Structures are given as structure tokens and as C-alpha cells.
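Below is one structure, written out as C-alpha cells, with a few remarks after it.
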Amino acid sequence: MESESESGAAADTPLETLSFHGDEEIIEVVELDPGPPDPADDLAQEMEDVDFEEEEEEEGNEEGWVLEPQEGVVGSMEGPDDSEVTFALHSASVFCVSLDPKTNTLAVTGGEDDKAFVWRLSDGELLFECAGHKDSVTCAGFSHDSTLVATGDMSGLLKVWQVDTKEEVWSFEAGDLEWMEWHPRAPVLLAGTADGNTWMWKVPNGDCKTFQGPNCPATCGRVLPDGKRAVVGYEDGTIRIWDLKQGNAIYVLKGTEGHQGPLTCVATNQDGSLILTGSVDCQAKLVSATTGKVVGVFRPETVASQPNLGEGEESESNSVESLGFCSVMPLAAVGYLDGTLAIYDLSTQTLRHQCQHQSGIVQLLWEAGTAVVYTCSLDGIVRLWDARTGRLLTDYRGHTAEILDFALSKDASLVVTTSGDHKAKVFCVQRPDR
């Protein structure tokens, strides 16, 4: 552990309007029910001066794009296309996708073609292009109330658009971008850059705070559910839990407590009491957000060697690529580059199931309210797994290249994928056990 003074503190830039009421006690909610209102709701109240008029979305669009589902798929992964809608306006690999959290009717995608688009899930119709990027768009997401959408490219140019008016309302040039995330309750955007900084802006007025990490990239980050803290992982294997109001690192995990390689991903459980971190060192670490202590370490056990890792990957390489917590059982899922999906029992800290893919896992997502975990992988397939039994429930195909990102609607009726085949696809999830 490192003391507060040793861990670095936020820059002096004032951000009074982002005050979190530090004199109110944070109550850890252990039960899965929402419980009483969280004190962090005050943050949203303090930002009521940022008024975003809600207007009816215009039907149709001026460019008249109507994209039909594609039936005949050709390419290196030729086969059936299970998708309902295909969005085909990107001209290169599509790196990221996010759904609007309020209605789950809109998607934003960003790609290697330096473009980002907001489009409708029901028919693939374009609403507007997020224009002006000069590098690959690797991050995109909607604000908590779906009124704003942010896009970020590799060079560090971030832009925010008002969804109903389709107008750009804010932009900023930071360092090379590693990750970007909206605050869960307020119009506040966070991002990590290659210089080790984590940035926090109030949008659209641009009030800014920076949280200075080590002199290496801030490779991943997540705002905790209380809205008062964020956990950030770095290329040097360290982990910092930041106080977003005070600007200081509450806990720093390094050395044996940190990872032995760059962090790749981080997740929190529903009440924010536990953090799970993943790294290229193939370890997933379970950390108490309350004490900053490592309370569990998960390592791959008998992981089969998978030669079919995709072009450019070495067969002996492996790393943690994605992870997450189940919301209804004490389970965590860890996805590895070698194609292994490991389901761990948190109460006993033992491996419960090991589910093998034919190629590397890119991302995993738990379905809310169930023990079903979704994976997407380099073979272009989405798979649904029952974490209680380790059984494959179903899979969805249609891409002719690797899947690079995916998103799941709140009711788990839709999966939206992006791929190296220049397409985004919408799949309707049908499960007999529901």
C-alpha cells in the first residue's frame, strides 16, 4: 500500500460544481435490492443547471438510409446469418458499440474509418454521423439519461453530441485515448490517456479535473456504483481507487498486490463492494473497494492450448481480456485470449466451470437478473452460457470476421455486435428457458 501523498493527487483545476457531499456517510448496500437513495444522487442535483431539452426524435432521416438484413454472407467465415439488422455504413473495422440506456432503441458505433454513427436498432436507419474525427474511433457511449452521446478517437479527440438536436455541444483534445466512460448519474465524462492521467469533465461547460497516475498509460477504468469513486488500472500493473471529489488516490495496489503486467479490464459488482481486475499476467484479482485489500486471486488452471487464436496472435500468448460479476449468484466470469471462459465461485474462490471456445474471447457480459453469461470471440460468434451448469445454451452467427465489441439490451432481447468485417449487427435473443 502507498500513502495518499505518495500516490499522486488531482490537479488544482477547480471543479466546485462537481462537489460530492463528503460529509454524508456512504452506506454500503449488500442486498441486491436498490435500497435507499444513494448520496451520490446529489451530484446529479448539483448539475441541474445543465439543461438538455428533450424533444421528440424526428422520424426518418435526411439521407434516407434504410438497411436491410444481409442474407448471403461471404468471406473467411462463410455461413448462416442469424442477425435481424445489419448496419453497413462503416468502411473499415468497427471497434466499439454502446446502446442508449434510457430506451435501448439507439446504438452508437465507432470504427477504423475515423467515423462514428448514431443509428436505430429496429431497422438500422442512420440518425446522424458524429463527424470530425481524424483517427480511429475506439470509444463511444451515451450519457446516463440518453440525452448526450460521446465519441473518442485514438489521438485523444473527444466529442459530445446532443442526441435530440444532433448537434455537437462539446469537444476536447486529451492525450492518446485508452478508455472513456460516462458517470452513472450525471452529465460527467471520464477518460484515461496514455500519459497516465484520468480526466473528468462536466459536459457541456467543460469544468475539468485530472487525476495523475504513474508515468504510463491508464489502460482501463470504471466509475464505482456510488458515483463517488473510480477504479483505474495502469500499464505498470498498479491499481488506484480515486476519490472523485477530493482528487486523491484512496488506495494504491502495487508490487505483489498489483499485477505483474499491464491491466486489460476492470469490473465492479452491483453494490460496488468488490472490484475485479484483469491483466496480461493471466490473473484476475478480487479487491475489496472498502479496504483496498486483495481478497482473492484467480489464475487459469488446466487451460488447453488453442492454436486458432486469429491472425497475428501467437499460440502461447494468453491474457485476461474481459471479466464481470453475476448479479444473482456469487459468481464471476473471466474470459481469456486462449478461448477459455472460467466461471469462479466467489464464496469458495474455486473454479466452478471452464467453457472452451475455438478462438480468443474478446468480451463477456452477464445478463441482468440471471446466471447467463454472453461471450463474443475472434471466430465471429456470440455464445450464451449457463453459468450454473457450464452448458452452452445457444450461439449466434453472421459476421465474416472477428467480433470486436458487443452490447446487450437491458431486457436481454437484443445483442448488438461490431466486427472486423466493417459491419454492426443486431441479433434477437430467443431462449426457451425464459
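Each Cβ is built from the backbone N, Cα and C atoms, and glycine gets one as well.
Bear in mind that TrEMBL entries carry predicted annotations, made automatically and left uncurated.
Listed features, source TrEMBL:
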COMPBIAS  39-62  compositional bias 'Acidic residues'
REGION    1-63  region 'Disordered'
REPEAT    87-129  repeat 'WD'
REPEAT    130-171  repeat 'WD'
REPEAT    225-252  repeat 'WD'
REPEAT    256-297  repeat 'WD'
REPEAT    354-395  repeat 'WD'
REPEAT    396-434  repeat 'WD'
**OP:** Answer yes if the repeat 'WD' (396-434) and the repeat 'WD' (225-252) have at least three CB pairs under 8 Å among residue pairs 6 or more apart in sequence, and no otherwise.
**Re:** no
**OP:** State the residues, same chain only, that lie 6 or more residues beyond the ends of the repeat 'WD' (87-129) and have a CB under 8 A from a CB inside it; answer 'none' if no residue qualifies.
**Re:** 57, 60-61, 63, 65-67, 70, 135-142, 144-146, 149, 151-153, 161, 163, 166, 401, 404-407, 409-411, 414, 416-426
**OP:** Count up the helix, strand and coil residues in the repeat 'WD' (87-129) according to DSSP, in that order.
**Re:** 0 helix, 22 strand, 21 coil
Subject >> Across the repeat 'WD' (87-129), average pLDDT on the 0 to 100 scale >> reply: 98
